[in-house]
Amino acid sequence: MVVFQWRFQWRGLYGRIKDYITWKISQIVLTFYTLTFNTHMDQNYIIDCLLEPIFWFVDNFAGNLGKVFVFCVTVLTTAVVTIAYWVGLPYWWQKNEYITVFLVVFGNWLLLNIVFHYYMGVSTPPGYPPHGSMISEAASICKKCISPKPPRTHHCSVCDRCVLAMDHHCPWLNNCVGYFNVRYFYLYMAYMVAGVAFVIIAGLDLGYQVLWVNDTGGLTQEHDPDLIGHPVRMNQSGVLVPVQVIAEYDSENSPREHHLPTPVITEAQRITAHPWKRKAVVFMAVTCLSVFFALGTLIIMHGKNISKGETSVEAHINASLRKLDKNQFRNPYNFGRKKNWKLFLGLTQGRTFFRNVLFPSKHPPSGNGLTWHTIHNAIEDWP
Ligand SMILES: [Zn+2]
Ligand SMILES: [Zn+2]
């Protein structure tokens with residue numbers, strides 16, 4: 001008679017489980033590849049697929065989103081300026097009247113430039129290739145418009161048309177940034193950064209006093225409404241309370257007329273004690289610092305492109321061209337940093353930095369955005 005004895009082999013159990021799981025995983029991976037294999041599948045394709053919902057959203061709602069963004073910029077700017085006058089002005093006036101006058105003039109010069117360049121950036125069309133007429137130079141054909149594209153022109157999928165020297169589509173301006181409005185866009189950012197830097201510097205001590213020192217000088221939020229405009233006395237625990245009946249006056253210890261120094265309440269203490277002014281200071285700190293760092297990064301990035309004579313679109317294209325052939329590639333629109341900036345700011349035909357950059361100026365860029373001078377064909381004395 002034969003007796004079978006089943007025994008569980010504990011030894012090597014871990015190794016067997018591991019082998020089994022590895023085998024199952026490779027089965028699943030193989031199945032996935034078999035079902036989804038595509039010769040065109042690569043990283044870019046996957047990223048494009050994942051971004052598809054965002055593109056769809058932008059395509060369908062960017063029109064309305066742009067209006068919301070412009071509204072937000074307007075409201076935020078108005079709020080910052082209002083608070084600067086409401087909280088900052090009395091604070092500085094108590095400190096020094098002459099500095100206050102200077103700050104108001106300087107601040108309004110920045111504000112004038114911010115408003116002007118923003119308005120022009122929003123309302124100036126970026127420039128489009130002419131419809132139905134010949135263009136003297138075409139770099140390629142737009143697959144979406146089915147029409148020739150002048151050099152440096154690119155198709156904007158939000159505007160659904162070709163844009164001259166397209167930089168990018170800007171929801172904050174609700175407009176494409178291109179040939180005719182890129183200067184307004186850039187100077188708007190530059191003045192905005194200068195503006196918030198101005199508010200941050202002018203409000204630095206105020207912010208420190210209100211948010212850090214946090215001294216109300218005896219003014220308390222709870223008592224304020226009761227105390228303002230009422231006779232007061234100090235009770236035994238040192239808290240100011242309103243006087244209800246005339247008999248509460250202690251004419252010996254607190255006579256109505258005296259020559260003792262009265263405590264001076266500073267504007268910073270008044271702001272600290274004021275619930276809304278204190279909140280406004282917090283709002284200013286958060287808004288101005290965020291805008292400073294966000295737009296500060298952007299002006300540096302765009303500034304680098306301008307120095308190299310590139311639009312944002314070209315910066316991407318040229319970066320990949322440079323990778324392909326490091327020694328051979330030369331950007332044909334790079335005339336050297338100084339001239340690139342001169343051309344960008346439109347400082348040609350006797351225009352000056354003082355008049356045409358430091359103050360609002362509607363001068364158009366030189367040229368028409370359809371044909372371009374390059375380093376190969378630039379005339380000697382141009383611009
Ligand atoms: Zn197009
Ligand atoms: Zn656009």
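Placed from the backbone N, Cα and C atoms, the Cβ positions cover glycine too.
For reference, TrEMBL has these:
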- 68-87: transmembrane segment (TRANSMEM)
- 99-120: transmembrane segment (TRANSMEM)
- 137-204: domain 'Palmitoyltransferase DHHC' (DOMAIN)
- 185-204: transmembrane segment (TRANSMEM)
- 280-301: transmembrane segment (TRANSMEM)
Thinking of Cβ pairs under 8 Å, which stretch from 68-87, 99-120, 280-301 has the most of them with the transmembrane segment (185-204)? 280-301
I'd like the per-state residue tally for the domain 'Palmitoyltransferase DHHC' (137-204) from DSSP, helix first, then strand, then coil. 22 helix, 18 strand, 28 coil
